[in-house]
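These come from Swiss-Prot:
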type	residues	note
DOMAIN	1-235	domain 'Deacetylase sirtuin-type'
BINDING	8-28, 86-89, 177-179, 203-205, 221	NAD(+) binding site
BINDING	53, 56	substrate binding site
ACT_SITE	104	active site, proton acceptor
BINDING	112, 115, 138, 140	Zn(2+) binding site
């Protein structure tokens, strides 16, 4: 059996991955998210953007995968599993998932904003947020930026192509922790449904996908995903 998993922020929130508004110090709450997650914001103030992502990099590195991540990884023992994620953390990989396609980039990959060369040097620890931090400089003179898809930027071609292929060949698609409003990723379940593929939504709250999904499970990822593969035949009767 081939299983395609589309995951969003909900699954990582259970591990304590912070959102923009989760800064307990309130240091970042006064900034528009667009200013920290766009090419325009980067060009205006690369030190501020780098400080924001350096802090998030540190925070995400210090949380652990949850039962939802581990359940998806365990499915590999019984099925061919492809993970398509809108998340920029590495929790699927750390849980043991093999094929993970990051549609929005990764907090753990960096590149030169000018020449595109990957940056692999170690980053400084940042247990406390700082408003502005000087980004590293590439040999070409360009600044190093996170390899994240910012507002207005296209999705990376290879992960998107792999996501479409995995969706097109899946026997079942599990959509977990996503709001189903961020396109083009939100269109993948529709692609699966158009092929006659069963789409199982796992989300504590209703989403725009809920009405068309084959099954909607109103539970969190860590509640619903362990044992879900074994329950599929009964659920899909």
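Think of each number as a place in line: the chain as shown, counted from 1.
Cβ atoms are placed via backbone N, Cα and C, with glycine included.
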The binding-site residues listed are 56, 115, 140; by CA-CA distance, the one closest to residue 89 (NAD(+) binding site) is 56
Express the distance between the Cα positions of residue 115 (Zn(2+) binding site) and residue 12 (NAD(+) binding site) as a whole number of Å. 32
Note on Zn(2+): the CB centroid of 112, 115, 138, 140 has further same-chain residues inside 8 Å, namely 113, 114, 116, 117, 139, 141, 142
In the structure shown, which of the binding-site residues 8, 16 has the fewest Cβ neighbours within 10 Å? 16
For residue 56 (substrate binding site) and residue 12 (NAD(+) binding site), the CA-to-CA distance in whole Å is 13
In angstrom units, rounded to an integer, how far apart are the Cα atoms of residue 140 (Zn(2+) binding site) and the residue listed as 'active site, proton acceptor'? 26
Specify the secondary structure state of residue 16 (NAD(+) binding site) as given by DSSP, simplified to three classes. coil
These are the binding-site residues: 56, 112, 115, 138. Which one scores highest on other Cβ atoms within 10 Å? 56
Could you check which of the recorded positions 53, 104, 112, 138 is the closest Cα neighbour of residue 16 (NAD(+) binding site)? 53
Please list residues from the chain of residue 12 (NAD(+) binding site) whose Cβ is under 8 angstroms from its Cβ, counting only those at least six apart in sequence. 87, 89, 91, 177
In the predicted model, what is the mean pLDDT computed over the domain 'Deacetylase sirtuin-type' (1-235)? 93
What is the total of other Cβ atoms whose distance to the Cβ of residue 104 (active site, proton acceptor) is within 10 Å? 18
